[in-house]
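Q: I'd like to ask you about the structure that follows.
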Amino acid sequence: MELGTKFPLSKSCKDESRKRKRGITIDCDSQILVGDEQSNSTKTKPYDEICENIVPNYTFGNYILQKIDPNDCRHSLHPLYHRLFYIADVIKQGISEGSLLENKYSYILETEHILLDESRINNLSPSIHASRWCKMVESLTRLQANSELWHIFRQCLLTASSVKWSPNGTINTAGLITNDLPSRGQTESILFGTRNESLAKSLIAALCVSQSSVRTIDNSDKKNEFDNTTTGILDIEKYSCGLMIDIRTGMLGASLDMVMCNRNRHGILAPCLTDNNIETYEIKCRFKYAFCPEMRSELSQCYERLMATKTVQWFRRFLYTIDCPCVDYFRPDNYPRAKEALITSDDDWKVGHSAYHAAQSRIKCNEFEMHHLTLNKNMSSRVWLFGEPDLQTNSIYPLLWNTGERVLSIPIFANPRHQNFKQIFLQSYVASGYFGNRKIVPFLATFIGRHRRQTELGRCFSLFVDDTEASEVVYEITPEQAIPVILIITPVIIDNTFYVGIEESGYRAFGELVDHLWAKQCRI
């Protein structure tokens, strides 16, 4: 694919660009880091404080205007190389300013000359070395929102969490230049998710992840430092994932919540030779169910009945107690609304507001949504229920359902019309470039927790996977975290034949970005 066709510029703009090629300054949205993003202080740094440390300086927009000649776009580098060279510039600038420690980033800069040599002879598709760079960038940004580099590298990217989808099922690439920094302050729902994501991760790691899925590197005798076969409290950070930049186009990005994959001694993703599948998890902590059990409400009463009976009937009643439940019912002869991430057409779930809306509406779906609805409609979700804290031992255990089973299977599946599904789809597309022929197996995790009683405030609780004497603590629930109530794990089936459209959107976005920047520069 030649890039020259993607940068149509007017003659006046081209002429003006020659005059302005040197000494360019623009007011494009920008971020640059101050402070060592790998330091221990960064890990505990407040979210808003990250924003204070990022100041305007050198952006991807600056890079494009300085390095891409609009008159010679046909011979321009592949967009991914431009993205990686910009990242190298940021790291070098951070080192020169003293905001980054050179010894922590030397291993990536030492191979920049190889990347440059390969880019000169390969403008159609990225090289294996470029792929390695992307993996190194991912390893540098695993702190995500607590990483300055993560904020910087996300700029001018179509990210899985923020991309807009057109009604026809394609990505809307308009308005790519936006300020990706988080807004000052956070809503209560965002804070709830931020505080409890690590708790949800520990539940997933303890209850869903097979111990056999994490082995030593290439089955060698040398133990992987990210191995999960040790006992005791789980190290959930080994499943964390940094910014994955689309290896195909360099214009899309995704930061997954959990990736079940080994890493080498440098922290680079390194799946075992026998790993055919790579599991990923997108976690949603549903604040709308965060009730206070000491305040009498319909939700708290349903919770009490659920704790007493442990039946699917009262689980369903609990979910449907609120006005906008997290599971939406639709008629089998119709399509679901885009309102909720989880849906069902099972008649047992035809209750409450969902049943009313299902009877009132006729829904239109695009090809992407209809196809993935067919793929997912026969899938089931797994549900775990957690008991009340034991205040004498400060312990919490999963409960057995009335069937005697620890896991309940319910006819609930992922909604292809919802933004969460499309976010996971784009994540899977980006992640697929990092694991060769291995299949990406995504899941949507729904965590429901409640507020604490007065007697539970200020306490740390030990989380166990069961109530047997042999059970070990897998996580320490901190005083600011919620009391876990329910964990729902929903498989998401993806058809990768739709990846072609995503790739085309990435290339189109790069062309539109260059056009926009140079057109804006011509008007200055």
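Using N, Cα and C of the backbone, Cβ positions are placed for all residues, glycine too.
Found this in Swiss-Prot, in case it helps:
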- Glu197: site 'Required for function' (SITE)
- Asp257: site 'Required for function' (SITE)
- Glu282: site 'Required for function' (SITE)
- Lys284: site 'Required for function' (SITE)
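Help me picture where these features are in the structure shown.
A: When other Cβ atoms within 10 Å of the Cβ of Glu197 (site 'Required for function') are tallied across all protein chains shown, the result is 19.
DSSP assigns Asp257 (site 'Required for function') to coil in the three-state reduction, placing it in neither a helix nor a strand.
Glu282 (site 'Required for function') falls within a strand segment according to DSSP. Sequence-distant contacts of Glu282 (site 'Required for function'), defined as residues of its own chain at least six apart whose C-beta falls under 8 angstroms from its C-beta, comprise Leu256, Asp257, Asn420, Gln423, Ile424, Gln427, Pro442, Phe443, Leu444, Ala445.
Sequence-distant contacts (6 or more apart, same chain, Cβ under 8 Å) of Lys284 (site 'Required for function') comprise Gly193, Ala341, Asn420, Leu444, Ala445, Thr446, Phe447.
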Q: Provide the three-state secondary structure of Glu197 (site 'Required for function') computed with DSSP.
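A: SS state of Glu197 (site 'Required for function') = helix.
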